[in-house]
């Protein structure tokens, strides 16, 4: 009799879990496209794109200016003229390389951040495909569709303070979901895109 009580409780628990909507929803596939996440920050990414473009132009113009004009003219009769010319050339080329590197880093960081920040996540009808929409440079947006089994959420929504990292198989770097965004269907998100998978 004592052994039958836990068995009855377990069977009751299993029947309750089977009656929940989400597992049945996932087994049969979703009948239509379901929005799982949305976060609109198009204006921010437009400003970020303009800032990065301005920084790229600024650092490139500094590099061109460093290459085009020598810092100082060395008189022809000056002693050690060849040493001073070398120092001036090394200084100019070093400054040009440094400025060019700064411009490339700022542009690359802005481009990477805008391409990896997620605007929306849509679970397509059938429940086997997911469409991720990211902010492209200047907030123009780009989207791609991947199978659900190729997406892994690296942390639960409650574990991270600001950004939720998503790993997509075959793509470098994580995709970032801002927790300030809207999760219209949290239970379905946690059971599909928000689940951890070893890729």
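Each residue, glycine too, has its Cβ placed from N, Cα and C.
The feature transmembrane segment, as given by Swiss-Prot for the ranges 74-94, 95-115, 116-136, sits at 95-115.
Among the ranges 44-64, 149-169, 170-190, the one that Swiss-Prot lists as transmembrane segment is 44-64.
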